[in-house]
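S.K.: This is the structure, below, for whatever I ask next.
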Amino acid sequence: MSVLLMLCVALSALATPGQGTQQWEPCTDLRPLDILAEAIPPHGAAGGIRVMQAHGVRGLQLSAAAPHALSFPASRIFFRCDLFPEEFSIVITLKVPNLPPKKNEYLFTVVAEEADALLLGLRYSPTKLHFLFLSQDPAGAWQTRVTFRSPALMDSQWHTLVLAVSEGSFSLTTDCGLPVDIMADVPFPATLSVRGARFFIGSRKRTKGLFTGLVRQLVLLPGSDATSSLCPCRSAELAVLSIPPVLKGLTGKPEDNEVLKYPYETDMRVTLGSRPPCTKEEDAQFWFDASRKGLFLCVGSEWVSVLAAREKLDYVEEHQSLFTNSETLGIEVFAIPEAGLFVAAANRKTTSAIYKWTDGKFASYQNIRTHQAQSWRHFTIGKKVFLAVANFEPNEKGQEFSVIYKWSQTKLRFTPYQRVPTHSARDWEAFEVAGEHFLAVANHREGDNHNIDSVIYKWNPRTRLFEANQTIATSGAYDWEFFTVGPYSFLAVANAFNGTSTKLHSHLYVWLFGSFQLFQAFLTFGAADWEVFHIGERVFLAVANSHSYDVEMQVHNDSYVVNSVIYELNVTAQTFVKFQEIPTCSALDWEFFSVGEDYFLVVANSFDGNTFSVNSIIYRWQGYEGFVAVHSLPTFGCRDWEAFRTAAGSYLLYSSAKEPRSRVLKLRTG
């Protein structure tokens, strides 16, 4: 971890002003500016404003009789100069009503009072969300509009939106989900003056377009994207950066000028339906979960079971035999918004298939030409949906490459997007670091040489292509696994074979100074997969060891029966340490999943030295005991596991590398 200490020292040095440097001051504080709190009078009451409560959460409602009740002069926060920041983010928590078609409502605006000109604002309709701002050049001024397809706001629930503006890009994040990015032709102006302007919450200074819902939070964060400060969050729809004091407090407790209310006089009630948020505002509220037949009480930020039947895994049963084009070496389950749930099968022969979840089962959807495909990787960049295949063999012309496909919104199919030169590719890993998108390919061998470079590619927003960014020396690379711990990004490679032995080191890299640098080495035996998972605050990393072999020793059947290892991050030692060894039979994959409050690992056992008909095992987390075997599943040449969930329940899907049939298993719970 010494490299991390070096990083801290370097950052400290950069943060220390040098001698004789000139201090730059922004027009406003570079801290979260609570716009809503600024607009509310100090005593917390004003005509035309009401404090309302929905789902146990307080918000402000405006009256049509006073559309400018929530407003204040911009000079109150822009006290050094009058320029609006060029880079900023806006956080808003709201509950919107159902709007008729073509109706628009303003969430907030900044208006130049003398000219009655809209300088910037946020407006929504049933289908779109518009960010408006004034653009100008020597020829004149005009209003620019950046439009996002409206997120699903009109569902009578609370939602938190983060609009981030930076260098011509506009990003919208809803409830800590995936951001929607837009690269606009007209960037946000660097010299937008707010002199003589006024902030209006929920209006454009007039009744028309008045916001008729509830607003709970409206914060301006100059200079940065607030998403990293809010997310991840247990109740993402109510993620808090700053809310006015009048909207805080617990239901049923007296205000300064009130007497204590009896319970039947308070707003405490039992909420039905899907799991609601549990924050300070819901403290002492009840929620009845009809599906689990349980009653829960909100205590602090946790729903505590009062009367509940805990969901537990009882047994596993076969749900579907999924017949495939040929033996399947890898599977990838993914969802596409407004399109559905899919699984991509990497088939050994020249055609791989994509299946769609239809009427409770997977049905054939699309065939794609591949060359002994090993795996698929689904990922998104903004609104774009991609699917990358790792091809192990060259095509008929002897050309060796893997292919990235892009989802077509018109054809509702994946179409070829980019060819990438690879060498017996085994795996792709997609990830994001500091707002930039990467793809790492595991190159297994080139000819008979297993000691070759694997490559990390970086997305170029200008060319809209992936370009080689970094090479890493690997030995028979089989798998990449990306994960984060706090502010640090890690990438683990599973090295399987160096040409003479499967006993070699697999490596973990950490992102420092714009590239991945070696962090830790692990002794592995034909490593085929890494799986990272979290249990509470603990971080684990499991490796699937497939084969103990050395060219100089005689191969025995039991060389395929080797221990796979689970490591745990030791924060004090700043390294991963061995936590548990589990005997496996040529393990090729680990998959982590949960059922209710229980955590599980399932291993893909593929071969015991005599037969491919071996049982794969589900292990349950039992605290101090570690992972304990609880279910033994008959499998044949098991290669890959995927866990997924639908409205009908939880499932496991495994692929077979020895027969053209994969199986969908349903997890029966009690």
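From the backbone N, Cα and C atoms, a Cβ is placed for every residue, glycine too.
Automatic prediction, not curation, is the source of TrEMBL annotations.
Sharing the features that TrEMBL gives for it:
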{"type": "DOMAIN", "residues": "48-224", "note": "domain 'Thrombospondin-like N-terminal'"}
{"type": "REPEAT", "residues": "314-359", "note": "repeat 'EAR'"}
{"type": "REPEAT", "residues": "361-409", "note": "repeat 'EAR'"}
{"type": "REPEAT", "residues": "413-461", "note": "repeat 'EAR'"}
{"type": "REPEAT", "residues": "465-513", "note": "repeat 'EAR'"}
{"type": "REPEAT", "residues": "515-571", "note": "repeat 'EAR'"}
{"type": "REPEAT", "residues": "575-623", "note": "repeat 'EAR'"}
{"type": "REPEAT", "residues": "626-669", "note": "repeat 'EAR'"}
{"type": "SIGNAL", "residues": "1-20", "note": "signal peptide"}
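Context for these features, please: burial, neighbours, distances.
M.R.: Confidence across the repeat 'EAR' (361-409), taken as the mean pLDDT and rounded to a whole number, stands at 97.
Applying DSSP to the repeat 'EAR' (626-669) sorts its residues as follows: 0 helix, 36 strand, 8 coil.
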S.K.: Counting Cβ pairs under 8 Å that sit 6 or more residues apart, are there three or more between the repeat 'EAR' (314-359) and the repeat 'EAR' (626-669)?
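M.R.: Answer yes, regions in contact.
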S.K.: Under an 8 Å Cβ to Cβ limit, what residues of the same chain, 6 or more beyond the ends of the repeat 'EAR' (626-669), are close to it?
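M.R.: Residues 311-333, 341, 343, 345-348, 357, 360-362, 375, 566, 579-580, 582, 588-593, 595-596, 600-607, 612-620.
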S.K.: Looking only at the repeat 'EAR' (515-571), how are its residues distributed among DSSP helix, strand and coil?
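M.R.: Helix (H, G, I), strand (E, B), coil: 4 helix, 39 strand, 14 coil.
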S.K.: Tally of helix, strand and coil residues over the repeat 'EAR' (575-623) according to DSSP?
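M.R.: Helix (H, G, I), strand (E, B), coil: 1 helix, 37 strand, 11 coil.
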